[in-house]
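K.L.:
This is the structure, below, for whatever I ask next.
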Amino acid sequence: MSLLLEPSKEQIKEEKLYQQMGVSDDEFALIESIIGRLPNYTEIGIFSVMWSEHCSYKNSKPVLRKFPTSGERVLQGPGEGAGIVDIGDNQAVVFKIESHNHPSAIEPYQGAATGVGGIIRDVFSMGARPIAVLNSLRFGELTSPRVKYLFEEVVAGIAGYGNCIGIPTVGGEVQFDASYEGNPLVNAMCVGLIDHKDIKKGQAKGVGNTVMYVGAKTGRDGIHGATFASEEMSDSSEEKRSAVQVGDPFMEKLLLEACLEVIQCDALVGIQDMGAAGLTSSSAEMASKAGSGIEMNLDLIPQRETGMTAYEMMLSESQERMLLVIERGREQEIVDIFDKYDLEAVSVGHVTDDKMLRLRHNGEVVCELPVDALAEEAPVYHKPSAEPAYYREFQETEAPAPEVKDATETLFALLQQPTIASKEWVYDQYDYMVRTNTVVAPGSDAGVLRIRGTKKALAMTTDCNARYLYLDPEEGGKIAVAEAARNIVCSGAEPLAVTDNLNFGNPEKPEIFWQIEKAADGISEACNVLSTPVIGGNVSLYNESNGTAIYPTPVIGMVGLIEDTAHITTQHFKQAGDLVYVIGETKPEFAGSELQKMTEGRIYGKAPQIDLDIELSRQKALLDAIKKGFVQSAHDVSEGGLGVAIAESVMTTENLGANVTVEGEAALLFSESQSRFVVSVKKEHQAAFEAAVADAVHIGEVTADGLLAIQNQDGQQLVHAQTKELERAWKGAIPCLLKSKA
């Protein structure tokens, strides 16, 4: 029971207690001006979460406006729970990515689990059935005991929630770098399927309509979670463990099915997840979007704990809760549906016409605030921006090729780097086949799910090489989008749209804000050229630990459409005798590469460059060749360069090998030049494929001897290794590191 006396309005101002909630002096003065009086404790708490970066994007809005958000297929862009893209036949795909970085740093299992739960609710609140989950994870070096603990617990949290709720986790990425040592990144993406007629919005329309609370009871977990997510991590962050929510996937499964049934009922007017800022954000945002107000009686809120105050109820981020607006007089229809699932559905208020959020508790009005001020009128900051000194130095430094004395040894070593190594240890914990629609499981360039009753399928991926962004955020931003699109194309799909998760450090530092601006410029340019609009996403700033920022990490989630399941393609070579091609030229580009990090222990120099027009041309040519049936396998060349891409392609259930000839010195095998693919083609399609893909160069063929042999044009042997030995090293690296005591 809460025994604390809340401070008075005067105390809040005089003692500047609002600063503890992340509200600045100027913001407090603005709040006072907007409402024409001093706010009470509940009201300043509500303003603090709604005006946090996590909810308001007050530091990032000027940057987000750069993104293209419309397109022929876009049915819903940014502004709702998730974006929606048309895929024909009156069907649409719904998807969104969200972060749960700060909670995962201090309570990794629950932090990751509730991140999955929250993004699933965002998707089904739009009326869609979630069909897949992906995740993009970043950790410090896997030699650290603390990092091993975080890694194991985060993966267990994702598996524990996703497996229980029955949604397959079909893909994602895991990368390791010292910059994430104290601040791991846990980004979760959910993809759903919907018929056009079932699309719902989070709007509180219709004066007098009933506001209903459904799902789990409200507790004290997660209070100020949104504020916690809007500040730097420090040694004292452990004290904020109560700001981490606790999830119940079985409750979420019931809530999902009940909500999807309610969506078929025309009594439903609007629906929204109680995510960041809980009851506060869902009520204020739904009213603001509809141009209405909401009045609620907090005495009616289902509570898990006794003696909860209005402040605690409004700021709680207890999981598995939704807010619904129902036609007046039809409440019992909704109650009956939720009763079937043994869930509470309680009328707690109604829609008004005065654009106010009015809350009653214990017979008193404890809050009366304008909804637009909460949801739309947070101050927007144009932060100072300054190019960091290291950037100019890197731009003027062509990173030399690291010395490669033995390319076979180097290939083995690269395949065992945790960022490149097989993530089988991770995805074997996920149920990626549940619901039996998964056609391409984790481990290829993208996850692929069929759409039952049609010939269509969806490909999905997440991508970002943060090292490139550290060296050059604009070029790195372009590359992140391009690599995601390459992965989609390699699966036989046309890239449709993007959801982005902008993970950066403290925007109040000019060098960090410069990174954000430049990365957004690069992402925007790539999305325009590749025709992949940004339909939603998330911003996670203040990712710093004791003053040290993470690498800039704008994760790109992308979905593509496969028109015919016959076009589905994977990265693995299929049969001996097929011809091996590389599309795109290899340049001596080693800055930010896995080879540079491994051999020199740091990254520096001018980042790899990308020509987006060439990228688009190659993607279109390859996709056309795939659709015509010329391509047996396709794999994009990324971390570790051509050598790693060929090795990954040759690791199949058959004991295949490859004999290829490449140009140049051994180190070039591991250059990370952009816009490249490794492709295999049947001999009978050689002429047609070469005519279709002008940039393709024939470098060898798939063999049946289980041997990877790579030589240069001078006849010098570069790599000579048994495929199964390479695969054993690649698959064993992460389990081996986790078992070691170091």
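Cβ atoms here come from the backbone N, Cα and C positions, even for glycine.
Heads up, here are the entries from Swiss-Prot:
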| type | residues | note |
| --- | --- | --- |
| ACT_SITE | H54 | active site |
| ACT_SITE | H100 | active site, proton acceptor |
| BINDING | Y57, K96, D500, G537 | ATP binding site |
| BINDING | E98, N538 | Mg(2+) 1 binding site |
| BINDING | S99, H100, N101, H102, R121, Q245, E317, S318, Q319, S540 | substrate binding site |
| BINDING | D122, D273 | Mg(2+) 2 binding site |
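Can you tell me where each of these features sits in this structure?
P.N.:
When Cβ atoms from all protein chains are considered, those within 10 Å of H54 (active site) total 28, not counting its own.
Counting every protein chain shown, the number of other Cβ atoms lying within 10 Å of the Cβ of H100 (active site, proton acceptor) is 31. The DSSP secondary structure for H100 (active site, proton acceptor) is coil.
Taking the Cβ of E98 (Mg(2+) 1 binding site) as reference, residues of its chain lying under 8 Å away and at least six apart in sequence are, in sequence order, G115, G118, I119, D122, N187, A188, M189, N501, N538.
Cβ neighbour count for N101 (substrate binding site) (all protein chains, 10 Å cutoff from its Cβ): 25.
DSSP assigns D122 (Mg(2+) 2 binding site) to a helix.
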K.L.:
Inside 8 A of the center formed by the CB atoms of Y57, K96, D500, G537, which other residues of the chain have their CB, for the recorded ATP site?
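P.N.:
The answer, listed by sequence position, is L64, P78, I97, E98, T499, N501, L502, V534, G536, N538, V539.
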K.L.:
In whole Å, how far is K96 (ATP binding site) from H54 (active site) when you measure between their Cα atoms?
P.N.:
15
K.L.:
Provide the number of Cβ atoms within 10 Å of the Cβ of K96 (ATP binding site), excluding the reference atom itself.
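P.N.:
There are 28 such Cβ atoms around K96 (ATP binding site).
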K.L.:
Would you kindly give the Cα-Cα distance separating D273 (Mg(2+) 2 binding site) and H100 (active site, proton acceptor), rounded to the nearest Å?
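P.N.:
Cα of H100 (active site, proton acceptor) to Cα of D273 (Mg(2+) 2 binding site) measures 16 Å after rounding.
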K.L.:
Would you count the other CB atoms within 10 A of the CB of N538 (Mg(2+) 1 binding site), including those on all shown protein chains?
P.N.:
24
